[in-house]
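**Student:** Okay, these came from TrEMBL:
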type     : residues : note
COMPBIAS : 66-75    : compositional bias 'Low complexity'
COMPBIAS : 76-97    : compositional bias 'Basic residues'
COMPBIAS : 101-111  : compositional bias 'Basic and acidic residues'
DOMAIN   : 4-62     : domain 'Tudor'
REGION   : 53-111   : region 'Disordered'
TRANSMEM : 212-231  : transmembrane segment
TRANSMEM : 251-273  : transmembrane segment
TRANSMEM : 294-313  : transmembrane segment
TRANSMEM : 325-344  : transmembrane segment
TRANSMEM : 455-475  : transmembrane segment
TRANSMEM : 481-500  : transmembrane segment
TRANSMEM : 521-542  : transmembrane segment
TRANSMEM : 562-581  : transmembrane segment
Amino acid sequence: MPSRKFADGEVVMGRWPGSVLYYEVQVTSYDDVAHLYTVKYKDGTELALKESDIRSQSSFKHRKSQSSSSSPSRRSSSRSRSRSRSPGRPGKGRRRSASQSREHKDEKKKTIQETSLALVVLVLFKLSENNTKRYNGEPESTEKNDTSCIILEQKLKPDLEIKRVLEQYSLRSRKDDKKTEEIFSEKKTFVAVKPIEKVPSKTKELEFGGRIGTFMLIFLLPATVFYLLLMCKQDDPSLLNFPPLPALESLWDWRVFGVFLLWFFLQAVFYLLPIGKVVEGLPLSNGRKLQYRINGFYAFILTAAATGVLLYFQFELHYLYDHFMQFAVSAAAFSLALSIYLYVRSLKAPEEELAPGGNSGYFIYDFFMGHELNPRIGSFDLKYFCELRPGLIGWVVINLAMLLAEMKIHNLSMPSLSMILVNSFQLLYVVDALWNEEAVLTTMDITHDGFGFMLAFGDLVWVPFVYSLQAFYLVGHPTTITWPVAVAITVLNCVGYYIFRSANSQKNNFRRNPADPKLANLKFIPTATGKGLLVTGWWGFVRHPNYLGDIIMALAWSLPCGFNHILPYFYVIYFICLLVHREARDEHHCKQKYGLAWERYCQRVPYRIFPYIY
């Protein structure tokens, strides 16, 4: 096993991926398995570099300071002449041939272009340190940044401060003096920044209370679901009135389990249909992009048609209400079996396919968080399928079953106004998610979290059986509301939806194509990764405006249930806790990823979710 060459804390020169330029970095750690050094640049950016991309400071020459009147082109010409000198070169007073003159001009032009490249890249990384007076927390210009290409409009005249930095250090290794892979045009300079090929290292920072916390959550989450469903069945669902435990044999029904399996595999068939466009996800740690078929909305339409056929043939859909607890138990058992399968198969997965957050080496923690990032059976992506299909569409079907059960139990000719509001609001939410299915590819669930018990249980049990709690509550506890109250609640839901959808659309469009002319009015803070942090629009109002819209909608879903009990408000209380915790996770990841640029963004946008409060 080869020994490491550089020690932790040592200051060295690291090559920026995709270029021939070296910068001063500090070694923070070393991965013995992947043989990669984690280094930290002066702007706070942390990257993983190979040993071949790191050199000691002694291998770089220190340039002598030159007079201020000497121009970069004059110095470049001087260096060019010294490198091209040979024993057969004509004397100083002799006239050069035409071919020699052209070669000299070409080499001079090449050197000037190399100097210009160094200036462009240096401006990108030194902006936060050297131009604070002009910057003031917001970019002076709004050029568009992309993950694979940064297009910068630059003139060949550097300012005096950049000139001084260039005179102090040589940004290229001596061996790379004659290697230039960047292509210049007369008006624009393209600096290719290739995706960083990084093998996921062991998860060091454990979330959710580590091994003990995740072990407890494996039992606490199912217990919470069953407790809520039992409470809704009681005449008095107050918190102090603990429901009696049902007999164990009453919790399981093989017919119910068969219906659940039929539902799951029906959605899988809809997922495999060759309809809808195929798009690429965000680049993985190894630079590869997975393909996804976007047909969730078509699956919803097909499901609605199948449900209509069942109702036409007088199928009793309130069967779901009568066996609701048994369906929840069946879904929990299936999600547990799926989680075991996912963990077993992840043990044979390549190292680069493991999830960044579920590779701790601890069985319980990795089982809960998900060990493999994107488990697939052929082209069938298990995580992506479960994210939107069985649970989210099942949520709408359950709500419809509760509406029909309310009409049957209370002998109503039409549903109550409260039930109509709850069904309408949540139907809008689900249809919006399926219509904008492509947006889920940029979420943390897809890009960072592995597929384990947390997501499997959440997608298949928590979403359909907890999110439908208001409709389930209204069946046994009907609530009457007036039309003015209904209008006020509807307006509140519309406000939340508008914030949620417009903020998400703004973010997703900017991530997909920051050079879109429609986004020319947006200002952002550039980062060393090539991405930009929006500081205008909703994202200049609070750091997570989509979370704010989500919480407002959650409140609107609960208000039709009245104020007799706190039980229907469990969803909004839980959702606030969930989004505050998720915001803390986002904050931690973004600070590691963007360094000083994220700190500047936080200064510009101080409020996280609730303006002037939090």
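In case you wondered, yes, glycine gets a Cβ from its N, Cα and C as well.
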**Student:** At an 8 Å Cβ cut-off, counting only pairs 6 or more apart in sequence, do the transmembrane segment (325-344) and the transmembrane segment (562-581) clear the bar of 3 or more pairs?
**Tutor:** no
**Student:** Residue list, the transmembrane segment (212-231) vs rest of chain: Cβ under 8 Å, 6 or more residues beyond ends.
**Tutor:** 237, 241, 243, 246, 324-325, 328-329, 332, 364-365, 367-369, 453-454, 457, 461-462, 465-466, 469, 472, 567, 570
**Student:** Mean pLDDT for the domain 'Tudor' (4-62), as a whole number?
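**Tutor:** Overall, the domain 'Tudor' (4-62) comes to a mean pLDDT of 80.
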**Student:** Six or more residues out from either end of the transmembrane segment (455-475), which same-chain residues have a Cβ under 8 Å from its Cβ atoms?
**Tutor:** 221-222, 225, 228-229, 232, 237, 264, 321, 324, 327-328, 331-332, 334-336, 338-339, 342, 370, 383, 386-387, 390-392, 394-395, 398-399, 402-403, 405-406, 409, 416, 418-419, 422-423, 426, 445, 449, 557-558, 560-561, 565, 567-568, 570-571, 574
